[in-house]
Amino acid sequence: MPLSYQHFRKLLLLDDEAGPLEEELPRLADEGLNRRVAEDLNLGNLNVSIPWTHKVGNFTGLYSSTVPVFNPEWQTPSFPHIHLQEDIINRCQQYVGPLTVNEKRRLKLIMPARFYPNLTKYLPLDKGIKPYYPEHAVNHYFKTRHYLHTLWKAGILYKRETTRSASFCGSPYSWEQELQHGRLVFQTSTRHGDESFCSQSSGILSRSPVGPCVRSQLTQSRLGLQPQQGSLARGKSGRSGSIRARVHPTTRRSFGVEPAGSGRIDNRASSTSSCLHQSAVRKTAYSHLSTSKRQSSSGHAVELHNIPPSSARPQSEGPILSCWWLQFRNSKPCSDYCLTHIVNLLEDWGPCTEHGEHNIRIPRTPARVTGGVFLVDKNPHNTTESRLVVDFSQFSRGSTHVSWPKFAVPNLQSLTNLLSSNLSWLSLDVSAAFYHIPLHPAAMPHLLVGSSGLPRYVARLSSTSRNINYQHGTMQDLHDSCSRNLYVSLLLLYKTFGRKLHLYSHPIILGFRKIPMGGGLSPFLLAQFTSAICSVVRRAFPHCLAFSYMDDVVLGAKSVQHLESLFTSITNFLLSLGIHLNPNKTKRWGYSLNFMGYVIGCWGTLPQEHIVLKIKQCFRKLPVNRPIDWKVCQRLVGLLGFAAPFTQCGYPALMPLYACIQSKQAFTFSPTYKAFLCKQYLNLYPVARQRSGLCQVFADATPTGWGLAIGHSRMRGTFVAPLPIHTAELLAACFARRRSGAKLIGTDNSVVLSRKYTSFPWLLGCAANWILRGTSFVYVPSALNPADDPSRGRLGLYRPLLHLPFRPTTGRTSLYAVFLSVPSHLPVRVHFASPLHVAWRPP
C-alpha cells in the first residue's frame with residue numbers, strides 16, 4: 001500500500017505524538033527504510049517510458065525556446081550625464097577623514113577599471129545586432145542602433161574612428177587626456193600634379209597616406225609627434241620608438257586616413273581646448289566626406305573614406321555618392337516600394353557620420369565586434385522601455401574563459417543578523433549603476449559592439465543572401481534591397497527618427513567607456529564600489545546603518561525623522577561624488593525592509609509576497625504521476641530553493657529533485673511527495689536573528705553511542721547498530737536540542753556545525769532540519785568537550801564545564817570600522833578578507 005501523507009509526516013517525526021526521540025530518530029538513518037520510502041513515493045524510479053512533460057505553469061524545459069516579444073513602441077531610456085568624480089578618494093577623505101586600506105583599495109580598483117582577457121575572439125560586424133526578431137528585423141535594427149547612439153552621446157561608449165583612434169562625448173578623465181592629441185598639423189603637398197594628404201596629427205594613429213608625401217613621413221613614429229616637440233620636427237620619433245610606416249602603392253586608395261582641410265592648422269593650446277578645437281576642425285573636414293563600408297579581398301570590413309579630388313572642393317556641390325543611402329537620390333525608382341521615395345522626402349539628410357567632442361588614441365582596434373546586442377523589455381513591470389542586452393559570454397565560456405574574482409555575498413543568516421532590527425528603512429535607487437564605473441581605454445578593443453550598416457543587415461536577413469558590393473555594383477544592385485517590408489518599416493521609422501535614419505544606416509563600431517552589464521567582471525566591480533561607499537557613509541554618519549548589495553543601497557535609522565535628515569545629507573554626499581540617484585524610485589519601507597527578495601523586520605526574515613504567490617501558483621499547476629523534464633525541475637528547484645530555509649525540512653526535502661537533475665532524468669511527483677512539499681511551503685517560518693550568549697549544552701558521539709553535557713548533568717546512550725560518525729554526531733545534537741531546549745549547542749563535528757544536512761540519509765536530514773531549526777552551534781575541540789566522556793560510556797568523570805561565548809555570524813561583511821588599522825611593516829598585499837571588526841550590533 002502506498003505511503004499516505006499522514007503516515008509520512010509521522011515517520012518524519014513532524015507530529016508531536018511520536019515515540020521517544022532516542023529510539024525513533026536513529027531509525028531514520030537506516031538505509032533499508034530510506035530505500036523503501038523512496039520506492040513508495042516513486043522517488044527513485046527515474047527511467048520512465050511515458051513521454052516527458054516539458055512545461056509546468058511558466059516553467060519551460062528542454063526543446064522549448066522562449067521567444068522574446070518585440071514591442072514596436074519601445075522607448076529608449078534616457079541616460080543622465082554620469083561622471084563619477086576622479087578624486088573620489090580625496091572627496092571621501094575631506095568628508096570622513098582618512099579612509100581604511102580596504103576602502104582605498106576598493107575605490108582604486110574602479111578608478112579606472114581594467115579588463116584584459118587573455119584571448120579575444122573578433123566577430124564580423126554582421127553579428128553586431130542579433131537577429132532576435134526576424135519579423136521585426138528593420139525596426140529592431142534601428143531601435144538598437146538608436147540605443148547605442150544614446151549610450152555614445154551619454155559618454156558610455158567610445159566610437160572607433162580609425163584603427164588607432166576613438167572619439168567620445170562627456171567629460172574626459174585624466175587617463176584619457178594623456179592620450180589626447182596634443183597638436184594637429186595638416187600639410188597639403190602637391191607634386192607631379194598628384195594631390196594627396198599628409199596628415200601629421202600627433203594623436204590619430206592613421207596609417208601613412210599615399211603619394212609623394214610618404215617619404216617625409218617615414219621618419220615619423222607610428223604614434224606621431226608629441227605636444228612638446230617642434231611643429232614639424234621630422235627626425236625625432238615619438239613614444240613608440242619604432243619607426244614603421246605602411247606605404248601603399250599610389251594606385252590603391254588608403255583606408256582609414258584622417259582627412260584634412262586645405263591649408264595648415266597649428267594649434268598650440270592646452271590638450272583639452274586643442275581637443276575641442278580639433279573636433280570642430282574635424283567636423284568641417286568631414287562635412288564633405290562620406291564614409292561607407294566595402295568588402296576587401298580578405299573579406300574584412302574596412303572603413304573607406306573617399307577623399308574628393310580637390311581639397312578645396314566647395315561643399316555646395318553635394319556629397320560624393322559612395323553612401324548607400326544617398327545613392328538612391330540619383331537613381332530612378334524601381335517600384336512603388338523603392339527606397340528612392342523615402343530618400344527624396346528630405347533635401348538634407350545630415351552627415352554620414354558624427355564625431356565626439358573628444359578624441360583619444362587607443363590600442364589597435366579591428367573593424368569587428370566582440371559581442372552581439374539586442375533589445376528586450378526593461379523589466380517585467382516596465383514593458384514600455386527597452387533594455388540593451390550585451391552578450392560578452394565569450395569571456396565566460398570555452399577554453400579561453402576568464403575566471404572572475406569571487407566576492408563576499410552575505411548569506412541569509414548573516415543578512416538577518418545584520419539587518420533584522422527595529423530600525424526605520426529606506427532604499428536608494430542608483431540610476432544606471434554599472435555605467436558609473438569608468439573603464440580604461442586600453443580595454444576598449446576587447447569590448448566592442450556595433451553594426452554593419454543597414455544594407456548588409458537587410459541582405460543577410462533576406463532569403464537570397466546576396467553579398468552586396470554596393471561600392472562597384474551597378475544601380476540595379478543598389479535596388480536589390482528594395483522591398484515592400486523594408487519600405488513600410490522605414491516609412492514608419494521616419495516618423496520616429498527623421499533624418500537620423502541616414503546616420504543609423506551607416507556601419508559603426510563602439511567600445512565601452514564604462515563597464516558593460518554583460519561583462520563577467522562587472523558585478524564584482526560594482527559590488528566593490530557600492531560596499532566601499534557604504535562603508536564610508538557608515539563612518540560619516542555613525543547613527544545610520546548603510547548597506548548595499550550591487551546597486552541596491554539601503555539606509556536604516558532609529559526614527560523616521562532621523563532617517564529623513566540622514567537621507568538628505570547622504571544624498572548630497574553621494575551627488576558630490578558624481579553618483580546619480582533616482583529620487584522618484586526612493587522607497588520608504590517603514591520598519592520592515594524589502595531587500596534582495598526578502599522582507600526583513602525585527603521578527604526576522606521571510607521571502608517577499610510575490611515569491612510566496614509564485615510558489616502557490618506553481619504547486620497549483622504541478623502535475624501528479626507525470627514525468628517532468630529535468631530542466632523544468634531545475635527551474636522549480638531554483639524557486640523552491642530560495643524559500644527552503646523558511647520551511648520545516650529545508651533543503652533536504654528537495655534532495656530527490658536534485659538527484660534527478662544531476663542524472664538528467666525525468667521526475668514523477670507522487671501525490672504524497674507533492675502534498676508533503678505543498679504543506680512545507682504553505683507554512684513558512686521566519687529565520688530569526690541569532691543572539692550572542694554563553695554555550696552551556698554540549699553534544700558528542702562515537703559510532704556506537706552518544707553523550708550530552710547539559711549544565712552540570714551528564715547523559716549517555718547507545719545506538720542499536722554502529723553508525724557513521726557524522727550521522728551519530730547529528731543524532732547527538734538533535735537529542736541535546738530536544739532534551740534541553742537550548743538554542744546554543746557545542747559540538748566538535750564540522751558537518752553538524754555547517755548546518756548542511758543534505759548529505760545525510762534523506763529521512764534523517766529532513767527530520768534533523770526541523771528539530772535543529774533556529775539552533776546555533778559553537779565549535780568546541782574534542783579534548784575540551786565535556787560530552788566526550790559520556791559518549792564513551794564514562795559518566796563518573798567530569799571535565800570542567802566550558803564557558804564558550806557565541807557571537808552571531810555576519811559572514812565576511814563588516815558593518816563598521818571601529819578605528820583605522822595600524823599599518824603593518826609587511827609588504828603590502830591585496831587582501832580580499834576584511835580586516836575590520838563588526839562593532840555595530842543591531843539594537
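Using N, Cα and C of the backbone, Cβ positions are placed for all residues, glycine too.
Swiss-Prot has this to say about the protein:
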BINDING   D429, D551, D552  Mg(2+) binding site
COMPBIAS  268-277  compositional bias 'Polar residues'
COMPBIAS  287-299  compositional bias 'Polar residues'
DOMAIN    357-600  domain 'Reverse transcriptase'
REGION    1-177  region 'Terminal protein domain (TP)'
REGION    178-346  region 'Spacer'
REGION    224-243  region 'Disordered'
REGION    253-316  region 'Disordered'
REGION    347-690  region 'Polymerase/reverse transcriptase domain (RT)'
Segment-level pLDDT (mean, integer) for the region 'Spacer' (178-346): 45
Cβ packing number for D551 (Mg(2+) binding site), 10 Å threshold: 18
Those residues of the chain, 6+ apart, with a Cβ under 8 Å from that of D429 (Mg(2+) binding site): D551, L581, N582, K585, T586, K587
All-chain count of other Cβ atoms within 10 Å of D552 (Mg(2+) binding site): 16
D429, D551, D552 excluded, remaining Cβ within 8 Å of their centroid (Mg(2+)): S427, L428, V430, A433, S548, M550, V553
